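These features come from Swiss-Prot:
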- Gly103, Ala104, Phe136, Asp221, Glu222, Val223, Gln224, Thr279: pyridoxal 5'-phosphate binding site (BINDING)
- Arg139, Ser278: N(2)-acetyl-L-ornithine binding site (BINDING)
- Lys250: N6-(pyridoxal phosphate)lysine (MOD_RES)
Amino acid sequence: MIVMTNSAAPHLLPVFARSDLGFERGEGCWLIATNGDRYLDFTSGVAVNALGHAHPALVKALQEQATKLWHMSNLFQSPDGEKLATRLCNESFADFVFFCNSGAEALEGVIKLVRHHHFSKGHPERYRIITFEGAFHGRTLATLAATGSAKYLEGFGPPMDGFDQVPHGDIEAVKKAIGPQTAGILIEPIQGEGGVRSATPAFLKALRQLCDEKGLLLAFDEVQTGMGRTGDLFAHRRTGVTPDVMSLAKALGGGFPIGAILATADAAAGMGPGSHGSTFGGNPLAIAAANAVLDVMLKPGFFDHVQKMSLLLKQKLASVIDRHGDVVSEVRGEGLLIGIKAVVPSGDLVAALRNEKLLTVGAGDNVVRFLPPLIVTEAEIEDSVGRLERACAAISSSQTKRAAS
């Protein structure tokens, strides 16, 4: 039995419910604990370690950059940063990129950019942004307000003004929420923390049409879905819908902290010197890591592999549901952003899987996320499903014993 505790880290602010597990190194899809036990990592640092642990390309890039330059500030030119920005623009709708350090920071910048867009066009009254129930956009004050979840907002004073939350997937509710102060719409193509809930292509297309009709900006939060997680570089590319603004982070650096805001020239109108900034954003180490990630992901066949592993994992998980319907009931998600709807409390399933040395992460709607590195092999998929089978069997056995007692 694994206990959630903070006793091993008495001087760390106790805001995380940490398990008593500690890891000393990682190899590909595996984490090696301090006692030598090997765990199959299907958390990927919550969709961060897209290339697994200690990927040779990332190690090489960071080792080489570490001997050259770590930090110089954004007062000077950054050739490698410009290279990364150009590559991201070439692969997307964007004309401009701003680099920062995290997903929440990227979303803060998106919110500022959406508001400033209308200010620059003579409409400072347009500052409100429509968001969706079940969303998660970060833990800063602005992104908490955009998220709108009471459990995250409690204790931090009045929520920041400027966000109108509507039911997910309800286009009529979106239409009713649009007013003279509305500046844009912010949505995750797939809600990760919210329970791996996908926005349908039809819904995203309807949002795009509304934004075009009303002069709003459409912003996609691709912090979790971006950088290959759904089987393409960006999740929205598989829907046929193009945003005006997008946030990236998590897998962009493959484990090294970096975030980004991508925007069209029109969306970024008015964003000149002094309108935004970051001390560490786009530092050379982070840029080197992100360029190395793109080097790997843009090789022919990379996303085909993700899609192939996705299909295999979904098929195997469906067969587990057939045999253990008392524990799990549904598979959802795209690419290797997979959610399993649990019948038992999701925390119990996460714990049972951890006891089988398979690491997963919970989400809303009683869902357990399977987020393997995108380099996962067929053998590792098979291995993970075997561990899930054993975890489900253990839970079923425990339920039977409780019922008999």
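Each residue, glycine too, has its Cβ placed from N, Cα and C.
Shown on the structure are the features that Swiss-Prot records.
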{"residue": "Gly103", "record": "pyridoxal 5'-phosphate binding site", "Cβ contacts under 8 Å, 6 or more apart": "Gly138, Asp221, Val223, Gln224, Ser247, Ala249, Lys250, Gly259"}
{"residue": "Ala104", "record": "pyridoxal 5'-phosphate binding site", "Cβ contacts under 8 Å, 6 or more apart": "His137, Gly138, Arg139, Thr140, Thr143"}
{"residue": "Glu222", "record": "pyridoxal 5'-phosphate binding site", "Cβ contacts under 8 Å, 6 or more apart": "Glu188, Pro189, Phe234, Ala235, His236, Met246, Ser247, Leu248"}
{"residue": "Ser278", "record": "N(2)-acetyl-L-ornithine binding site", "Cβ contacts under 8 Å, 6 or more apart": "Asn74, Phe98, Phe99, Cys100, Asn101, Glu105"}
{"residue": "Thr279", "record": "pyridoxal 5'-phosphate binding site", "Cβ contacts under 8 Å, 6 or more apart": "Ser73, Asn74"}
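Fewest Cβ neighbours within 10 Å among the recorded positions Arg139, Lys250: that distinction goes to Arg139. Of all Cβ atoms in the protein chains displayed, 28 besides its own lie within 10 Å of the Cβ of Val223 (pyridoxal 5'-phosphate binding site). Within the same chain, residues at least 6 positions away in sequence whose Cβ sits under 8 Å from that of Phe136 (pyridoxal 5'-phosphate binding site) are Thr147, Ser149, Glu188, Gln191, Gly192, Glu193, Gly194. DSSP gives Gly103 (pyridoxal 5'-phosphate binding site) a helix state. The secondary structure of the residue listed as 'N6-(pyridoxal phosphate)lysine', as reduced to three states from DSSP, is helical. All chains included, 28 other C-beta atoms sit within 10 angstroms of the C-beta of Gln224 (pyridoxal 5'-phosphate binding site).
Across the annotated binding residues for pyridoxal 5'-phosphate (Gly103, Ala104, Phe136, Asp221, Glu222, Val223, Gln224, Thr279), the two most widely spaced Cα atoms sit 25 Å apart. In the three-state DSSP reading, Arg139 (N(2)-acetyl-L-ornithine binding site) counts as coil. Using a 10 Å Cβ-Cβ cutoff, Asp221 (pyridoxal 5'-phosphate binding site) registers 31 neighbours. DSSP assigns Asp221 (pyridoxal 5'-phosphate binding site) to a strand segment in the three-state reduction.
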